[in-house]
Amino acid sequence: MVDYSKWDNIEISDDEDDTHPNIDTASLFRWRHQARLQRMEEAKSEKDEYRQQREKLLEQTKEKDTTELNHYKTRLSELLEEINQLEEKRKELERKEIKTPWNVDTLSREGFKKTIINKPNQEQEGSTEQLSDEDKSKLWVNFISKHQVKLEKFADMEANWDSTKGYLTENPVLLCEEAANFLALLCIDLELEEDKEKLHKVAFHTVTMHFILELAKQLKTNPRATVEAFFKRIQKADKQYLDAFFDELRSFKDRVKDRAQARIKKAEEEERQKRLGPGGLDPAEIFESMPTELQECFESKDIPKLQAVLSAMPKEEAEDWLNKAIASGLWIPNADEGRDDIGNHGTPNTSDQ
């Protein structure tokens with residue numbers, strides 16, 4: 001079927017006679033023609049204006065796109081730089097957070113409105129800063145004498161959070177500086193004995209107690225009040241917090257090793273001081289520096305052989321060794337005799353070197 005609808009909107013031509021007989025047809029055609037031309041001109045003007053606006057907008061869009069693109073690129077670069085700076089800041093804050101002692105805001109939240117005031121307990125005060133050294137010593141001795149069995153049992157426990165938490169919860173009396181100091185000293189003894197396995201366990205418990213005591217000091221509260229909060233946080237901690245604990249554990253072991261070496265050096269120095277002869281020389285050091293033939297004389301306590309060895313040496317060298325032997329106590333001179341005759345000057349010290 002043919003569609004004739006397209007002919008519906010065709011404008012009637014000027015020469016078509018559809019006017020009333022009383023109307024001037026020529027004038028009507030002229031008016032219609034002028035109106036049509038005017039409409040066409042207006043339409044053309046509108047099209048031209050539309051085209052100009054469109055081209056202008058397209059040009060502005062291109063310029064805007066280029067400008068905005070450059071702007072966005074610059075802004076994007078700035079944002080990426082800000083993100084990198086914020087990431088570095090975040091890492092720095094995490095490092096600071098790890099090093100910062102935990103406090104009430106980071107470890108706990110309000111659970112109840114009820115307030116309980118505990119009666120002060122001398123053993124649970126946890127601070128001995130105001131005491132004299134003598135009082136501290138007495139307090140430490142008394143504490144150890146009362147709780148040594150509990151401390152030794154604690155030292156033998158495995159190094160894990162559950163056992164440590166359970167034992168400290170059952171024995172809160174151990175949450176004090178005296179107990180921590182006892183364990184620290186025990187660590188030094190174990191280092192000297194080279195018992196590495198037990199040292200690790202005791203060091204683990206010691207560092208745990210140090211963390212709890214430090215937390216209690218920060219919160220100005222009794223250490224037993226911080227046990228639950230500490231273990232709840234540490235057991236749920238992310239890698240950074242666990243790394244912080246075990247870093248401190250390694251550092252503590254290093255300090256224990258240094259203290260053990262210092263104790264060895266101190267004992268050696270004390271022993272050396274005891275050995276010093278009347279002239280302030282160490283007989284062991286002098287003996288080790290002697291020629292082999294002189295060492296054999298002192299080891300065998302053979303006086304004739306010693307006299308012979310000294311006589312065979314140049315006089316200055318023999319006098320030098322003799323002076324060192326006297327100053328170190330290896331040689332005991334006769335008080336009533338002179339020194340012209342080396343062989344008659346005295347006798348070797350017969351005590352063990």
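Positions of Cβ are set from backbone N, Cα and C atoms, glycine also.
Nobody curates TrEMBL annotations by hand; they come from automatic prediction.
Of the candidate ranges 33-53, 75-95, 264-284, TrEMBL annotates residues 264-284 with the feature region 'Disordered'. DSSP places the residues of the compositional bias 'Basic and acidic residues' (264-274) in helix, strand and coil in these numbers: 11 helix, 0 strand, 0 coil. For the domain 'Cdc37 C-terminal' (275-353), the model's average pLDDT works out to 74.
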